[in-house]
Amino acid sequence: MDIAAIIVAAGRGTRAGGDLPKQWRRLKGARVADWTVAALSSHPAIGRVVLVLHPDDLGQAAGFPEVIIATGGATRDASVRAGLEALADDPPDLVLIHDVARPLVSAALIDRVIAGLAHSAGAAPALAVTDALWTGAGDRVTGTRDRAGLFRAQTPQGFRFAAIFAAHRGHKGGPAADDVAIARAAGLDVAIVEGEERNLKITGPEDFARAEALMGKTMDIRTGQGFDVHAFEPGDRVILCGVPVPHDRALKGHSDADVGMHALTDAIYGALAEGDIGQHFPPSDPRWKGAASDIFLRHAAELARSRGYAIANVDVTLICEQPKIGPHAGAMRAELARITGIDPDRISVKATTSERLGFTGRQEGIAALALATLVKA
Ligand SMILES: Nc1ccn([C@@H]2O[C@H](COP(=O)(O)OP(=O)(O)OP(=O)(O)O)[C@@H](O)[C@H]2O)c(=O)n1
Ligand SMILES: C[C@](O)(CO)[C@H](O)COP(=O)(O)O
């Protein structure tokens, strides 16, 4: 069964306030959109994810190399339609349509939606209304309503792709609250599956704190360490943390011998219990001869993201007498930030000498240590 997900992220988040649309604001260090994309793309049944961005936000696409990007419209249903069109050339069997503003969606809830599609063209999560319902005008209650049979709708809302695509294409009734409304207007049967209180939609300013409190209860924190050494050989520069640094020698290695980036890549693999760089990129493979090490680091960072982890911070220590690292540390942090997609203020690059002791002290090579911390809500 081919299952795709569409994450609509083209809204402006006006009710949430703040300087940035809500999907670009942070929860526990990673952006709301990072959590949501990770939650969907790490689900084993979901093969493809489409992220629908506002035209002003297309610059963010580079931070999501593993997803298909589409450009959204002025309303939620126009954005969903853009996501469906992006899948139309190679249509999946099922599609799950999700709000970027619901970053705490669980794998179990996604499983329930998929299971609900076994006997129905649509399936969507919801919670039965448990509070009493009133009508009101100003500050006065004007009436009461029976809550029996009323539900609070959530996402992801799942559908047979062909059915919801036809429903969206044929929809003429103006903006709809959600895809269930569009499906039902087209006569599709939609099953209700159990939603979760945890699957809140970040809507108002107070919802960021609520989401962080919920995340804190189940946070999975992992650390990994990496260590690497490369010997000097004749040359006129070394590559350290992606930055060429003039020197009277080069570092010797199968790839570009970027000892700092290798240590950091191993730290991320270590946190994931995913072996080391040599397992993923064997030195015996001629494809990696002279390779720029950003390939390795990007792979490790994407692996972390695809497993639902955000990189909370990294700390790299270079051990050498020469060259001096301080003047280049800012450029190194910026380069590591660019490759990993995390903020430079979560990346530390520092250096120490070994007081002229040992192989680094004798200037036979450079060593590097790295630590990485990954978090999953
Ligand atoms: N033109 C739009 C409007 C909304 N959405 C998406 O639809 C989801 C649910 O909408 P809502 O929570 O209302 O988000 P915003 O429209 O961003 O918020 P607001 O109404 O406060 O501006 C969000 O993931 C939002 O990004 C979208 O992709 N395109
Ligand atoms: C689709 C939805 O998440 C269901 O609860 C919701 O309708 C979308 O958000 P909005 O606040 O209604 O725009």
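Cβ coordinates are placed from backbone N, Cα and C, and glycine is handled just like the others.
Under the heading divalent metal cation binding site, TrEMBL lists Asp228, His230, His262. DSSP assigns Asp228 (divalent metal cation binding site) to a strand in the three-state reduction. Around Asp228 (divalent metal cation binding site), a 10 Å sphere centred on its CB holds 22 further CB atoms from the protein chains shown.
All protein chains considered, the CB of Thr352 (4-CDP-2-C-methyl-D-erythritol 2-phosphate binding site) has 14 other CB atoms within 10 Å. If you look up TrEMBL, you'll see Asp228, Val229, His230, His254, Ser255, Asp276, Ile277, Gly278, Thr352, Thr353, Ser354, Glu355, Phe359, Arg362 marked as 4-CDP-2-C-methyl-D-erythritol 2-phosphate binding site.
What TrEMBL records for 221-374 is domain '2-C-methyl-D-erythritol 2,4-cyclodiphosphate synthase'.
Among the features that TrEMBL reports, region '2-C-methyl-D-erythritol 4-phosphate cytidylyltransferase' is placed at 1-221.
Residues or ranges marked as region '2-C-methyl-D-erythritol 2,4-cyclodiphosphate synthase' in TrEMBL: 222-377.
Residues or ranges marked as site 'Transition state stabilizer' in TrEMBL: Arg15 (among others). The secondary structure of Arg15 (site 'Transition state stabilizer'), as reduced to three states from DSSP, is helical.
Taking all protein chains in view, 28 other C-beta atoms sit within 10 angstroms of the C-beta of Lys22 (site 'Transition state stabilizer'). According to TrEMBL, the feature site 'Transition state stabilizer' maps to Lys22 (among others).
Here TrEMBL flags Arg147 (among others) as site 'Positions MEP for the nucleophilic attack'. DSSP classifies Arg147 (site 'Positions MEP for the nucleophilic attack') as coil under the three-state reduction.
Secondary structure from DSSP puts Lys201 (site 'Positions MEP for the nucleophilic attack') in coil. Per TrEMBL, site 'Positions MEP for the nucleophilic attack' is recorded for Lys201 (among others).
Annotated site 'Transition state stabilizer' per TrEMBL: His254 (among others), in sequence order. Shown in sequence order, Pro283, Trp288, Lys289, Gly290 are the residues of the chain, 6+ apart in sequence, with a C-beta less than 8 angstroms from the C-beta of His254 (site 'Transition state stabilizer').
What TrEMBL records for Thr353 (among others) is site 'Transition state stabilizer'. A 10 Å cutoff on Cβ-Cβ distances gives Thr353 (site 'Transition state stabilizer') a total of 14 other Cβ atoms nearby, all chains included.
For ligand 1, the neighbouring recorded positions among Arg15, Asp228, Ser255, Ile277, Thr352 are Arg15, by Cβ distance under 6 Å.
By the criterion of other Cβ atoms within 10 Å of the residue's own Cβ, the least surrounded of the recorded positions Arg147, His262 is Arg147. Ranking the recorded positions Arg15, Ser255, Ile277, Phe359 by Cα distance from Asp228 (divalent metal cation binding site) puts Ile277 first.
Contact annotation for recorded positions (Lys22, Lys201, His254, Ile277, Ser354, Phe359) versus ligand 2: Lys201, each with CB under 6 Å from a ligand atom.
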